[in-house]
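Asks: Take a look at this one; I'll ask things after.
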């Protein structure tokens, strides 16, 4: 029996993520020893910006993936799509470089102003170094999306794992006498994140160069379609980032370094659960996109029934294992640092993962069929609620309040709206098809 391609892709993602998670866990111990609790807190705040810089392609990666999937479903060539996406992204990256050089003193002061052991110049240098590395890393997103659309997502999963391995090797060889914490933080960023940037650029060149001989690749309609659809994905991604990526920004303004490090360790631990399911959704995206192009929406309902249940089981089982091993995990990652996993936070992180399984599935369904309007309607409200509720919760109740605010933003908005919108959209498409017949 032939194993479905999306299962192979998901399995490769799980394997590579296990490698990456192990490396991230091991790096916590190295970085805590190298930088101390305060220095590592700075490293985690800066590292949280990776998700923001992945938005630097303005949604072109997701748009390109969908367009390639549609063409593959109709047995059409797509070299012009790849080259058009690369041409479109060049001025975008030039703009980001200018913004980084101009705004780094102000952004670094906002993010790192609470870390008094760094002066303004040191904060700005740390931010600029990290920003240029993360911006370069985002270039690889184009190649990864192409491989996913070609049902070769296992390549996109292996490369980040390889980057993590190389980054860990560099980090382990980094000497430090603790005399200059700012330089230690910068060199740690270099060691840990530059491999991902390097492999990302190489991957994109590998996919693009063979297509350069394509004639008439600069089609205005193709370019317009990519940018138009990419704009929708970009808007949604920005709003999603305002929901999911503001936690470290809020904590940098409201909580002490110790709470920030505790949150970082727990989020990485529970993040393994999220990635297991997210990898499955990523591998299913092109499958759903092709099914949508053929109006086979019964496939969506099969996926809904099978994989949401699977996600719930994974969350419950993994959370129980984390509860049993909580002391062991802390002793391995931060020996002698007196950190611990409160039961209240374990319960909240577990419930949050259940909510994410539910909402992320329907978000992927809607994006795979190119229906982003329900996301545009709901996510802005969620973004406002997420930031404000996390801030109020963190100020009044610490980490527990921050997580409660994040979860509440999902329950009030997208957890019910996205399933309703997906079913309504499919019913409308099916009805229109019947009328045409």
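Note that the numbers count up from 1, one per residue, in the order the chain is shown.
Including glycine, each Cβ sits where the backbone N, Cα and C put it.
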Asks: Of the ranges 185-205, 206-226, which one does Swiss-Prot flag as transmembrane segment?
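Replies: Within the set 185-205, 206-226, Swiss-Prot attaches transmembrane segment to 185-205.
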Asks: Pairs 6 or more apart in sequence, C-beta under 8 angstroms, 3 or more of them: is that satisfied by the transmembrane segment (129-149) and the transmembrane segment (375-395)?
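Replies: Output no: the transmembrane segment (129-149) is apart from the transmembrane segment (375-395).
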Asks: So, do the transmembrane segment (231-251) and the transmembrane segment (41-61) meet, by the test of 3 or more Cβ pairs under 8 Å (sequence gap 6 or more)?
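Replies: They are in contact.
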Asks: Taking residues 6+ outside the transmembrane segment (310-330), which of them lie with a CB under 8 Å of any CB in it?
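Replies: For the transmembrane segment (310-330), the list is 265, 269-270, 272-273, 276-277, 280, 339-341, 343, 346, 349-350, 353-354, 357-358, 361.
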Asks: Do the transmembrane segment (41-61) and the transmembrane segment (185-205) share at least 3 Cβ pairs closer than 8 Å, excluding pairs fewer than 6 residues apart in sequence?
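Replies: Yes, these stretches are in contact.
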Asks: Counting a contact as 3 or more Cβ pairs under 8 Å, with residues at least 6 apart in sequence, do the transmembrane segment (332-352) and the transmembrane segment (152-172) touch?
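Replies: Output no: the transmembrane segment (332-352) is apart from the transmembrane segment (152-172).
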Asks: Near the transmembrane segment (185-205), which same-chain residues lie under 8 Å Cβ to Cβ, leaving out any that are not at least 6 residues past its ends?
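Replies: Here the qualifying positions are 27, 31, 34-35, 39, 42-43, 46-47, 50, 86, 125-126, 129-130, 133-134, 136-144, 159-160, 162-164, 166-168, 170-171, 173-174, 176.
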